[in-house]
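What TrEMBL records for this protein:
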| type | residues | note |
| --- | --- | --- |
| BINDING | 32-39, 149-152, 178, 186-189 | ATP binding site |
| ACT_SITE | 39 | active site, proton donor |
| BINDING | 63 | beta-alanine binding site |
| BINDING | 63, 155 | (R)-pantoate binding site |
Ligand code: AMP
């Protein structure tokens, strides 16, 4: 089946109604476009598990702060369509901002606590914008399953909590981070990096690997783990850490070294030049 492009909410609903009535399953992959192999891994997983695969491409203004890169965020729907066709997606849903928000939105989904900690503290309103648009996309597509990358680990946890709290009738599937050969997590924002900055970017995954080794060796005190990460990051003069978080993987609560959780989430936001890169790793406590 060739890839279909749908830009209107009503049209997507009409297209998917008979799918559901026929008892076929729908997988949704929400994205902001400028797709790469990381997004493709989500699409492949959705393709393997569902009858119909819908990928949304929407740069959501609600989740960008006033000083963030909404206007300059990279966009290329033709290239996205090519990648999606190659990976067997059925429908790309690419609405305009006016279609999604015909008037200023006054109703939001706020996942308390989880949304304001860590990355949420640094980007006020970000996770509220994410939860609101994802909830809206769920109401539009009514998927059986929705796919999210572990790269945005706190986002994945926020969405899981939203779905549990509000009883959204679908399953959330987390997909491991896809990396370049040098360990750099693929991201649409990597295009912002100059060659020199790109050469510095592997320091993120290197610092996470060092912390994983330390945890494997029995270190569970979050301050010690953070020091390992910061020590590696400090070796790279272009890297300015914005967030180094060590938390219980399932709740993102702080860790008590006397009662460590079964696994630890390491979450990083590091500025390299003007680009803010994220990376993450979940490590089982031995
Ligand atoms: P974005 O377009 O950046 O909003 O990302 C859309 C979805 O793709 C999110 O669920 C991301 O976590 C996921 N994603 C982005 N980069 C990667 C990657 N390198 N590996 C796996 N998933 C990713």
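In case you wondered, yes, glycine gets a Cβ from its N, Cα and C as well.
All annotation found in TrEMBL is predicted automatically rather than curated by experts.
Everything TrEMBL records as a feature, shown here on the structure.
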residue	record	Cβ within 10 Å
32	ATP binding site	19
35	ATP binding site	27
38	ATP binding site	20
39	active site, proton donor	26
63	beta-alanine binding site	21
150	ATP binding site	18
155	(R)-pantoate binding site	22
178	ATP binding site	18
188	ATP binding site	19
Using Cα positions only, nearest of the binding-site residues to residue 39 (active site, proton donor) (150, 155, 178): 178
Listed recorded positions with Cβ under 6 Å from ligand 1, out of 35, 39, 63: 39
For residue 39 (active site, proton donor), the three-state class that DSSP assigns: helix
Per DSSP, three-state class assigned to residue 150 (ATP binding site): coil
